[in-house]
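Undergrad: Take this structure first; my questions come after.
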Amino acid sequence: MAAVELEWIPETLYNTAISAVVDNYIRSRRDIRSLPENIQFDVYYKLYQQGRLCQLGSEFCELEVFAKVLRALDKRHLLHHCFQALMDHGVKVASVLAYSFSRRCSYIAESDAAVKEKAIQVGFVLGGFLSDAGWYSDAEKVFLSCLQLCTLHDEMLHWFRAVECCVRLLHVRNGNCKYHLGEETFKLAQTYMDKLSKHGQQANKAALYGELCALLFAKSHYDEAYKWCIEAMKEITAGLPVKVVVDVLRQASKACVVKREFKKAEQLIKHAVYLARDHFGSKHPKYSDTLLDYGFYLLNVDNICQSVAIYQAALDIRQSVFGGKNIHVATAHEDLAYSSYVHQYSSGKFDNALFHAERAIGIITHILPEDHLLLASSKRVKALILEEIAIDCHNKETEQRLLQEAHDLHLSSLQLAKKAFGEFNVQTAKHYGNLGRLYQSMRKFKEAEEMHIKAIQIKEQLLGQEDYEVALSVGHLASLYNYDMNQYENAEKLYLRSIAIGKKLFGEGYSGLEYDYRGLIKLYNSIGNYEKVFEYHNVLSNWNRLRDRQYSVTDALEDVSTSPQSTEEVVQSFLISQNVEGPSC
């Protein structure tokens, strides 16, 4: 058989050819750039495998070269490996590319519309990659340059492009915690939407509304976030990119969780997980995004053990894709740290939780400014863990050192939250509550009481009298009154209120009830009401039996391996529950 008739190339022969090209890289550098994008990428990947990062960096820092490499779509997973290795090596390839693109856009400002359109398309792909890789500031620079090009032509095509650009810009600003700029971006997108509408044109609003929901959720404006999620769900139609559908389902699920509509949240997030795995595969970053939100749901419905497993799975994917000092890896470490802390709270074994909290902080401080808002939540988690370790410590000097470190972390988190959100915000209230618990551990009881009351007042005004967050703070204040201030009457009222909220939201087997029940047993012992002591010992025994039966078998990942409903059915089911009709998928 003649060689020309072969329908495939033996892998070893191909790899040998790639290696030969790489061995002669200096001489063949220019010729490499004329190769098809897939082969060109394979040459660059071989440079990466051989540790020749300086040469790889010099290639990737050229916009034309990198734009061509981005066209090798089936190599994206490997491209993330190379890119992250360069960033870890100190090659600022993300900022170099963003700067190069920005300069190119300024050069072509006077060129015709076709040249600008081509540049916008390159910008969307480049900015999309930088966004996916977590380099939000550089992605923002790229999208701002695209938006500038869009504004130079007041015609319909560029209005559509401007809307798309605003959606992408809003996403990276949300990711980078630039919430004040996010609001401006949404308003600008609406302006272009209105222009299109006046000319009888409609752009799909699902992605835009989904990003607005993410913005409002991050700012703890939960009622508004929920409202806009409904609007986003109405916009899900046939032909919409799967990525957009998955992201809208994720945001809607989170909004349902904080509204304590757990059945709706479960249906939405399970379908999002199924859809992401089915479409993107089980090693894709988008699948890990859905797992993090699935973990959030499980944690909030008190299925803590399974949430830890899901968060670990998400972290594993992100480490395999990005590795190194990457923001996506840091957020996965933080989520796993907090769920591990909650999971091991009663056992006191916090080594794993502390490891992940410190990894998150280490990565964030390496790649972001020291006053970045993302540090607030990571520092908060580490402070919670250190406080528990300190309480169990038998060495007084070590205990005081750990408590002081926790105090410094909590204060830093509080200042970052107040700067970003102001005083009257759920996130700020959480930090007050955490400080209240810490002051109790430090035996500063008046300061502790003040912090808890402040947290309760803010949460009640924002979330209502019967929210989970309110119950947490009420229970913490009850503990302070019971164990340290001998205010038993006040403590009893608060415990009973916390229990009532917990049972109403989560049922009789809710894990948080244990601490309230034990608190009441101690309280009734202190005042000599032994009938009540006996009663709550029985209640606690029944609670333990319920816990043993709860979540004993279910594998959360196995639970989402199939979907009993289509996307259209999931969307319609959600909208019908809101008494809203959506467009047909």
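Every residue, even glycine, has its Cβ placed from backbone N, Cα and C.
Sharing the record's features from Swiss-Prot:
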REPEAT    50-83  repeat 'TPR 1'
REPEAT    120-153  repeat 'TPR 2'
REPEAT    206-239  repeat 'TPR 3'
REPEAT    288-321  repeat 'TPR 4'
REPEAT    333-367  repeat 'TPR 5'
REPEAT    429-462  repeat 'TPR 6'
REPEAT    471-505  repeat 'TPR 7'
REPEAT    514-547  repeat 'TPR 8'
Undergrad: Under a Cβ pair cut-off of under 8 Å, which of the recorded stretches 120-153, 206-239, 333-367, 429-462, 514-547 contacts the repeat 'TPR 7' (471-505) most often?
TA: 429-462
Undergrad: Report, as numbers and ranges, which residues of the same chain sit near the repeat 'TPR 3' (206-239): CB under 8 Å and 6 or more residues beyond its ends.
TA: 163, 166-167, 170-171, 174, 177, 179, 182-183, 186, 189, 193, 245, 247-248, 251-252, 254-256, 258-259, 421, 425-427, 462-463, 567-568, 571, 574-575, 578, 580, 582-585
Undergrad: State the non-local partners of the repeat 'TPR 6' (429-462) in its own chain: residues 6+ outside its ends, Cβ under 8 Å from one of its Cβ atoms.
TA: 220, 376, 380, 383-384, 387, 390-391, 403, 406-407, 410-411, 413-414, 417, 423, 469-470, 472-474, 476-477, 479-480, 483-485
Undergrad: When secondary structure is assigned with DSSP, how many helix, strand and coil residues does the repeat 'TPR 1' (50-83) contain?
TA: 26 helix, 0 strand, 8 coil
Undergrad: May I have the DSSP-based helix, strand and coil counts for the residues of the repeat 'TPR 5' (333-367)?
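TA: Once the DSSP states are binned, the repeat 'TPR 5' (333-367) shows 28 helix, 0 strand, 7 coil.
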